[in-house]
Ligand SMILES: *Cc1c(COP(=O)(O)O)cnc(C)c1O
């Protein structure tokens, strides 16, 4: 024991994530079945692979049949390039203007939605000799990124004048697909997209890789699949929303058996019994009504365990629910073990995932925090260990 120094940065983290590679493989296989063998499947691995760990997930995605990897930022793309994987890396988000000329020399696929960024990329391409692959994003109603549909003929002229750039794709993104079971707005967006396509066709523009669908669109609107789908949240075994689940079931589409990939665990650090009338934690927001056996868990909001779970969350210990007592602190919180016989220091506590017959799902936590599953998983601290299992 004396040789172990728990203060070094290489010490194991007090809470960790287990990444079920088998579940990830299963989910990707389900989507491959859904879209067929010929369409391309982009595995979206932005935001540290939705909290699952970019470096762990990216190689698995390619091994399990993804055709390319999607990231948001140039820095994420650089991290992927350093892994030397053999698949296209597709940038979905904006790139700092001053970084664009240099980025033109990197083997990446770019999402472009302004003339300024096209010009900056063209300047860099002229110098590097590499022909950057450009995906033009069309605004169809999200009003986030994208050229307005009426700008697309000018975009076509730009490419005609700049042979140093390769026009590879045409994309858009849905505004209102996860939040509703009424997909009228999404259908209007896809109509606008098809109109742009027809206009380009009339101009004699060669077929481009057309892509519009995120997870929810892929699941509930097969007409959005086109040439490629861009799949994030559902590949990690999480439904984008309850509405998407309802739409999938009521739409008569066959059930998609997704399997959550991530389990978030910690270990009981200390146990103590306190008398009735004891206050627990900061702000004295909870007071015991009977002698209470507490566990101290060494994880908190700085690790991504949301402070909004104070007094309302549960964790699993020995396959049973232990309620969170009082406030979640920065690096610790307390749970009630009074009814969990035999629980001991060192026991595993599951913050998110299954243990025995019990489960705490990302949707459970999202509902308690009045947010979406995306936020729950992407905010799990990047500093925690991610351990791949099930291979
Ligand atoms: C994040 C993102 C996706 C993936 O969305 P999910 O809902 O997680 O499947 C797809 N397309 C774009 C442009 C994105 O930014």
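Heads up, the Cβ atoms here are built off N, Cα and C, so glycines get one too.
All annotation found in TrEMBL is predicted automatically rather than curated by experts.
What TrEMBL annotates here:
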MOD_RES   46  N6-(pyridoxal phosphate)lysine
ACT_SITE  46  active site, proton acceptor
BINDING   144, 330  substrate binding site
DOMAIN    261-389  domain 'Alanine racemase C-terminal'
ACT_SITE  282  active site, proton acceptor
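The 10 Å shell around the Cβ of residue 46 (N6-(pyridoxal phosphate)lysine) contains 19 further Cβ atoms across the protein chains shown. A separation of roughly 25 Å, to the nearest angstrom, links the Cα atoms of residue 330 (substrate binding site) and the residue listed as 'N6-(pyridoxal phosphate)lysine'. Per-class residue totals from DSSP over the domain 'Alanine racemase C-terminal' (261-389), listed helix then strand then coil: 22 helix, 51 strand, 56 coil. Cα spacing between residue 144 (substrate binding site) and the residue listed as 'N6-(pyridoxal phosphate)lysine': 17 Å, rounded to the nearest whole number. Using a 10 Å Cβ-Cβ cutoff, residue 330 (substrate binding site) registers 13 neighbours. If you draw a 10 Å sphere around the CB of residue 144 (substrate binding site), it holds 11 other CB atoms from the protein chains shown.
Counting every protein chain shown, 12 other Cβ atoms lie within 10 Å of the Cβ of residue 282 (active site, proton acceptor).
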